[in-house]
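Annotated in Swiss-Prot:
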BINDING   13, 14, 15, 16, 17, 18  FAD binding site
BINDING   273-287  NAD(+) binding site
């Protein structure tokens, strides 16, 4: 059947990348189709039941600032919230939400089903319709042809997915779901640069068989933080504890004894696993000097006894899993509900993409999520939103948009993938961002919501809330600038009495806030401030880090000169005199769009960038005189 409706955007896959891609395109007014092999698994948390964490929550806040769904779903489904790095600087603080899988998934599905311009259809995609070098649509498993101006592929671990438990293997996109074989073969036919990656998950445990009394409880923060700029604590369901236990020498001996049947250590799995989320087999091998490793028992939800033992991801045979679980303190009688497993899947070298996440080889075809070599819900959601918005803009022949490294962690993510490529699952960290003081979790809305509004991603309700917040920040900052404390006036005396600090000369309340040991709560009490915690936090960080932030702005201004020098798409690196063969090949492979991007390619020297710049200028002058 040839479906009668022509879509602007078709999104294949209903995971974290696919849902954000479909929602973004539909919010922008494009006729959008979301194809999923199973409507019941939309927004499924395939691995750990958590959103956020170091570097990751910055991405979640950016998705949220652009109108995305992930943060609000985390607030509606979060059963424990914590601020990580709370004693460190503002740049590296991160919110983490332990999520109820069912509630989170329900929140995502509700958002999808109530989104205007979005159709959902349950059917696996088997083929892409490609005419010449342009995608024209999708063919489903049943042979239904859907036509579209653009297509976004968000296939997760489903492309050629193989599940491993010990030396046993089976085809699957994740436990209980079939893989995407026909589509994987079709993509290989298109000569896109394909590789294999691997990820894994731990066995799930029945909480009724665990002795929590010998474990360390890990409560959430109080008052509970929220994930979304539109979130409220009243959205949160009941809050619960996680628990901490540890592996031991017996556990490690059991694991070592099973390595001869491990698919990772016998060469059965060829795909590379995530460096920063290693399996328990990897941990005892790489960190053989350690006597134990932490295990976090995380509830999967309020209406289930299922626990996620974070820290013991494994693909060892089930009999070994059974023994290793029962060797851990408090889990001596543990019942395993689901075995752990590893999954191997196809991914495509992200250097074959443009910075808009469109493939260089096929016009109108976009990739987002694990297909690009990343790991994590947050990384997937960020790519999905960007791919969805750019597919939407291309469909209407509008200029596409990707944030720069100084604008967003999304920009860092995309720039790293396209410029550097990846041979192992890529995870976001704050350390990857050179301008992290400007790219804080708390100011994602200041950085992106105005842009999102211009792009059509941000609705009236979110825009009004953002404008109200920014007006409150401006009003309160102005008020504090005009309140003065002096050694002999009432405000000055109250300040000294409250804080025990010295006050030798007259200064404004803003100047008092600049002091290292003074926080906004104290200034609010001193001056009778009634603004929200969010507004107070914004003011405090802006005041305390003003000098550092200004220096980063100066660095950005210098970089912009390189960013503004575009490299023509048809630029011939072979004619650049003095460029080594190795550097020429690297530049031809990546085809950077600006001199700044060229400078970030490993092995491309400042001298090489200078040679390219000189050649571009010569070419431009030749064109002018011609």
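From the backbone N, Cα and C atoms, a Cβ is placed for every residue, glycine too.
The structure displayed is predicted, hence computed values, not measured ones.
Of the chain residues outside the FAD site list 13, 14, 15, 16, 17, 18, 11, 19, 20, 21, 36, 154, 156, 369, 380, 384 have their Cβ within 8 Å of the site's Cβ mean position. Spacing of residue 283 (NAD(+) binding site) relative to residue 16 (FAD binding site) is 28 Å (Cα to Cα, whole number). Nearest in space to residue 18 (FAD binding site), taking C-alpha to C-alpha distance over the binding-site residues 273, 279, 281, 285, 287, is 273.
A coil conformation is recorded for residue 273 (NAD(+) binding site) in the three-state DSSP classification, outside any helix or strand.
The binding-site residues shown are 275, 277, 281; of these, the one with its CA atom nearest the CA of residue 15 (FAD binding site) is 277. Counted over every protein chain shown, other Cβ atoms within 10 Å are most numerous around 16 among the binding-site residues 16, 275, 285. Spatially close to residue 13 (FAD binding site) yet at least six residues away along the chain are 35, 36, 153, 154, 155, 156, 158, 369, judged by Cβ distances under 8 angstroms. Neighbour counts of Cβ atoms within 10 Å were taken for the binding-site residues 17, 277; the minimum is at 277. Cα-Cα distance from residue 287 (NAD(+) binding site) to residue 16 (FAD binding site): 32 Å (rounded to the nearest whole number). Here the binding-site residues are 14, 273, 281; the one with the fewest Cβ atoms within 10 Å of its Cβ is 273. Distance from the CA of residue 17 (FAD binding site) to the CA of residue 285 (NAD(+) binding site) is 33 Å.
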